[in-house]
Amino acid sequence: MINKVQEYRKINKVTQNDLAISVDVTRQTIISLENGKYKPSLVLAHKIAQYFETSIEDLFIFDLEEENI
Amino acid sequence: MIVKAFLSQVTNDKDYKVVLKKRIGFMYILLFLGLVTLLFGFLFSFGDKPHLSDFLSGVYAGVGTVLIVSAIGLIFRIKRTLKDEVKIKQERIKEQDERNQTIIQKSIYSAGIVSMILMYIALMIAGIFNIVVFWTLWVLVMGNAIVYSVMYLYYSKKM
């Protein structure tokens, strides 16, 4: 799964720490998320999408082959 | 009470303060356990087998001391956190962070499997040398398996 969290964060000039506090996670979680090491839960994905005023589908792109869909 | 003090999922600082206060109560129980362990250590020193008495007395005294010091340290830490709103939020986020919780769950799962295997090996070896140790480990292995089965059924129905 590819995500555009870092891209959206830079466009909106938001630090990792600010985003982390806004969505109630640690900065390390945001770092792992942006690196693709951690897949967020539906609730966290929704919170981040709401924070950037976009949809989950715009923020998180599924790799159909990887997810076996 | 233990579950509510440590496993509660809260979404705001007000509810988290309640969890922290419950945790202080649990720490007092830990402190009491530490004192009881220390007492056992003291009583063991009067045993009729000097080398065994000294060893067990030392083990109990050490464990009891660690429990007492840890409980007191944690009580002070929680009380200090409760006075600082910024710290409350930081601690809540750190504790309830989903990535941290996933890491803890996976670690406990792996440790549980490895522990079961090691206990089983120890049980096999103990059976050769000491029947009391064999039965103690047997109860632990069976107890672990039963608790796992019960919790699996519980969470299957709950989720």
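All positions are counted from 1 along the displayed chain.
Each residue, glycine too, has its Cβ placed from N, Cα and C.
TrEMBL does not curate its annotations; it predicts them automatically.
TrEMBL lists B:24-46 (among others) with the feature transmembrane segment.
Per TrEMBL, transmembrane segment is recorded for B:58-78 (among others).
Taken from TrEMBL, the feature transmembrane segment covers B:108-129 (among others). Panel annotation: around the transmembrane segment (B:108-129), residues 137-138, 140-141, 144-145, 148 of the same chain, lying at least six beyond its termini, place a Cβ under 8 Å from a Cβ of the stretch.
Here TrEMBL flags B:135-155 (among others) as transmembrane segment.
Sequence-distant contacts of the transmembrane segment (B:58-78) (same chain, six or more residues past either end, CB-CB distance under 8 Å): 20, 23-24, 27-28, 30-31, 33-42, 44.
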